[in-house]
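Asker: Encoded as structure tokens, here's the structure I'll be asking about.
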Amino acid sequence: MAPSQKRKPADDFIFTIDDDDELPIEEEEVVAQPPKKKAKTAKKSKKSKRDASPEEDDDEDAVEGIWGFNDDDDGAMDSDFEFGGDETANDNGVEDFEGWGFEGAKKGMRVEKAGVDLDEIIRRRREKKLGKSTENATAEEKADDAEAETMDVDLDDDDDEVLADDAFGMNVASDAEESGDEKEEDDEEEQESGVEVEDDDEAASDNDSVATPTNHPDDDASDASDDEEDAEEEAKRKAFFAPEEENNPDKKATASSFQTMSLSRPIMRGLASVGFTKPTPIQAKSIPIALMGKDVVGGAETGSGKTGAFILPILERLLYRPKKIPTTRVVVLLPTRELAIQCHAVATKLAAFTDIKFTLAVGGLSLKAQELELKLRPDVIIATPGRFIDHMRNSASFSVDTVEILVLDEADRMLEDGFADELNEILTTLPKSRQTMLFSATMTSSVDRLIQIGLNRPARVMVNSQKKTVTTLVQEFVRLRPGREDKRMGYLAHVCKNLYKERVIIFFRQKKDAHRARIIFGLLGLSCAELHGSMNQTQRISSVEDFRDGKVAYLLATDLASRGLDIKGVDTVINYEAPQSLDIYVHRVGRTARAGRKGVALTIAAESDRKVVKAAVKAGKAQGAKIVSRQLDSGEVDALQTQIDEMDDEIDEIMEEEKEEKQLAHVEMQVKKGENMIQHEAEIKGRPRRTWFESEHDKKKSKQAGRDELNGMREEMKKKTGKLSNKDKKRLDLKQLRAEGGGEWRKGKNSEAEMKARHKEAKAKSQAKKAGDKGSAPKSKGKPKGKGGKRR
């Protein structure tokens, strides 16, 4: 056996006392040793304590520090660190977490040239106009100063006209400051008095509340059909969905915290990092069912944590996946790019302490970068339907044969006619033996549509999802009297300049309205950004980030931003006009008052919006929400509208200049494209042609079907005839009611089925009568014979 003194300290992992006797250990080397080695040394020394000499014991007692001699702290561990529970996670997470970002999307963002800078165009025009007005103003100020030395200030009618001209021109900001205090006091009085819908008994004027709509024959006729539950549909639901007893066998045991759900430690760390300590009701009900591998149809109010309800069980199941071969096992589909980007951010935050890989596949981002990521076979793909089909058909080495879980977020939107063909293409390609989960704030109850997804006895988990808003939301309505519909923009400008001045999302039905409002706000000096489908992805992300970071006060958006978008600190939502349906209204106003916070939703409604407003007020009353009428000064509104009307020529010039710059940019792009075609002709022609599952004609047809379902064909008829009469509106409402199949036929006393049967019977009788006439009296050919008999 070799003697111990020949060993070197660097060759041994554990040092013995004999080694220490022969080879003295330097202090620097001991201090540099990691804690693991020191712990093992301590264990060894305990075993050999009996053989140690008193001098050696004294030497060991001298080492009192944790890391080495002299107790020098090397800063490896924070002295204030504590293993915290719920309180620590809550304190650290909620205060430090700043919301969901777009880092995942920026990685795959294509390098694009900056588009037309609308702010720069507006700024140039304002400076030009301000330059002229300041020259006139300085001359007037000098004259006023000379007069002020000799005479007192007298506000007569002439002076009032001069002040009105100043206010009417470029002194917009000063007007807002002067009237701001008065308006704030009026707002506080209205909030304290709580101008409730039920107490609105004032005389008819422009300031009357829209929250108490007058009864209408169509409304009275449709109320009964809306409230009644179709027995046949209810029977279908019972046969389609799994019984509630199977979904939740132990109803008493409701999860009060994530610890009781037996989630893995990495997921618990991810939850603590974002400040999630207690599950929301939808999460407490759906996560245990999803962990069992069952299909789920979930619905809950906006801002209730539906994304976490399907992300958490997915992460928990993927922790136990086979890891030898990378495999794509989960696909999450969402209707809009922004919602998919946000879902990707939520998932990556929650999975920060796991080895689960995610890929974002949405339109507007680099196709090649996404293809490279898909070749690595990530565990989860978060995508929009169009881009997912593109990769499914055209990306090499990408297969969906191993997909085990499919999630449709905002499922009711995905089931509409606009997405029907794309969704059908995806569902027929994915494996049949999969777990499917559907979530939305306004989940459809139509079994016929849910059957298309291929669900297998799904568990129905509904938590306050019957088209309800949260109770912390104050809903305000501003009524436009007949004849004042053309002053809608004046009402909006008055609200934004005097009432709600920051963190406001304004929704429009059409892109052109949002863009025009963007120009008007710029001319009025209101900082804003727009968000709609005509913008490229870089511009869309930039607009959301500017609004989120507080660089702009208003976000002018279409319904592109109405679903799922979670922007921290949104105080107010304004509807420029009431949306097409109550479902869209619920999603719009759900951008504020999220996760228990307070918020305000204001809707500018005219007589044509009566039906949706009535439904919103009725739903709000049913759940005890606060419905408030907002009264505005018609004089100030008219003044603002006049100011906006006088801007029409300037607005048209700005839009024309913007159009010219876009055309120039397009020509430059075409020139660059031609140069690339010449330089890289062989490579471009050698690429395989990308394919799609439907023709251009089918694409247009599906888009039109989506528009018709959304607008109820009203907009198309408006384009043809200019304006819809009350008769046309009633006819379209009845047609929509029949198409939905949710109510009875109200035109007569008989049901629709009976009337169809009667019509069919009458048609059959008519055909039989015609056939009988043909058989009994055949038509004679030639001229009729004369009365005199045959000729001889």
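Cβ atoms here come from the backbone N, Cα and C positions, even for glycine.
Keep in mind that what you see is a predicted model, and the values were worked out from it rather than measured.
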Asker: Looking at 409-412, 421-424, 629-632, 641-644, which stretch does Swiss-Prot describe as motif 'DEAD box'?
Answerer: 409-412
Asker: Motif 'Q motif' per Swiss-Prot: which of the ranges 256-284, 430-458, 459-487 is that?
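Answerer: Going through 256-284, 430-458, 459-487 one by one, Swiss-Prot flags 256-284 as motif 'Q motif'.
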Asker: Any idea what the model's mean pLDDT is for the motif 'Q motif' (256-284)?
Answerer: 91
Asker: Where among the binding-site residues A300, G305, K306 do you find the Cβ with the fewest other Cβ atoms within 10 Å?
Answerer: G305
Asker: Give the helix, strand or coil assignment DSSP yields for A300 (ATP binding site).
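Answerer: Reduced to three states, the DSSP call for A300 (ATP binding site) is strand.
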Asker: Tell me which of the binding-site residues T302, S304, T307 sits in the most Cβ-dense spot, judged by other Cβ atoms within 10 Å.
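Answerer: When each Cβ's neighbours within 10 Å are tallied, T302 leads.
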Asker: Using a Cβ-Cβ cut-off under 8 angstroms and a sequence gap of six or more, which residues of the chain neighbour G303 (ATP binding site)?
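Answerer: Once residues fewer than 6 apart are set aside, G303 (ATP binding site) is near V470, D566, G590, A593, R594, A595.
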Asker: I'd like the number of other C-beta atoms within 10 A of the C-beta of E301 (ATP binding site), please.
Answerer: 26
Asker: Summarise the motif 'DEAD box' (409-412) as counts of helix, strand and coil residues per DSSP.
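Answerer: DSSP classes over the motif 'DEAD box' (409-412) add up to 2 helix, 1 strand, 1 coil.
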Asker: Could you give me three numbers for the domain 'Helicase C-terminal' (491-635), the DSSP helix, strand and coil residue counts?
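Answerer: Summed by class, the stretch gives 62 helix, 27 strand, 56 coil.
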Asker: Would you list the other residues of this chain near ATP - those whose C-beta lies within 8 angstroms of the C-beta centroid of A300, E301, T302, G303, S304, G305, K306, T307 - in sequence order?
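Answerer: The answer, listed by sequence position, is T280, I282, A441.
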